[in-house]
Ligand SMILES: O[C@H]1[C@H](O)[C@@H](O)[C@H](O)[C@@H](O)[C@H]1O
Ligand SMILES: [Fe+2]
Ligand SMILES: [Fe+2]
């Protein structure tokens, strides 16, 4: 039985009200979303080693990503993009810009990004009808990929997409294609290559520099433009690509209590983000009015990017 939650709840209780079942065809969420066994290329999701039409390109992507994402690089990018002086536009205009963007890091998807945004948001909406903040989080979580666009500086893919991880401490073994970190100068720097590096136990993820990309950028955009999304929404946007944490449980020693609470929502979100990727298209015009109303509720009409 599905228990609907009347009031938006942002804590453990809301999570506990949604129970996962393991059905014949894999994991079934109470609300009805079925986790498919394979992606649209016929492989299991997030298999970075299986021979497929995307494998080589994805590995090349991670090699470059792992070589160039250093502590210094991330600091510079955060400073530069934190100025939010590139473009002024609405959330929906930004969604439309993503029409042309295909993500080279993703073994499971070769559709334009706008499809993925709507697929994620609509899948969440079916199972969590009352959590409108989570629908909107689904819609905007990958908007930071506009960094690839010429008007945002046209950053290379390795500085925008792919899984993220902390810099300034050791790269965990669970990170996809870990071996390529051997070519990253930080890997050989004793200030940055220990378990804690420049951080300390329980310091909170907010104090940890993450590899630069669409997550942290979109978090900065949302926060600095005064969004009223709740804390778990911002956390999801900021850490949804941090698979080493939310899937492999690495780096837990850096979390504080608020991170632990927010992580519960990220786990829920991740199922929809990952497993809603398919060739089934969402009718954009049909759902647009609903998402415009959410954007109006949680964001100003124009944002600084
Ligand atoms: O390839 C994907 C893609 O770039 C996603 O947007 C990101 O969130 C994932 O972590 C990554 O693995
Ligand atoms: Fe993403
Ligand atoms: Fe995504």
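Cβ atoms are placed via backbone N, Cα and C, with glycine included.
All TrEMBL annotations are machine predictions without curation.
Within 10 Å of the Cβ of residue 145 (substrate binding site) there are 26 other Cβ atoms, across all protein chains. According to TrEMBL, the feature substrate binding site maps to 46, 103, 104, 105, 145, 162, 163, 240, 241.
Around residue 214 (Fe cation binding site), the C-beta neighbours below 8 angstroms that are at least 6 residues distant in the chain are 142, 143, 144, 145, 147, 160, 161, 241. Residue 214 (Fe cation binding site) falls within a helical segment according to DSSP. Look at TrEMBL and you will find 116, 141, 142, 214, 240, 273 tagged as Fe cation binding site.
Apart from the site residues 116, 141, 142, 214, 240, 273, the chain places the Cβ of 117, 120, 145, 215, 237, 241 no farther than 8 Å from the centroid of the site's Cβ atoms, the recorded Fe cation location.
The separation of residue 273 (Fe cation binding site) from residue 163 (substrate binding site), Cα to Cα, is 13 Å. By neighbour count, meaning other C-beta atoms within 10 Å, the densest spot among the binding-site residues 104, 163 is 163. Residues from the binding-site residues list (46, 104, 145, 163, 214, 273) with a C-beta closer than 6 Å to any atom of ligand 3: 273. Across the residues annotated as binding substrate (46, 103, 104, 105, 145, 162, 163, 240, 241), the two Cα atoms farthest apart lie 19 Å from each other.
When the binding-site residues 116, 141, 142, 145, 273 are checked against ligand 1, 142 have a Cβ within less than 6 Å of one of its atoms. Other Cβ atoms within 10 Å of the Cβ of residue 141 (Fe cation binding site), summed over all protein chains shown, number 25.
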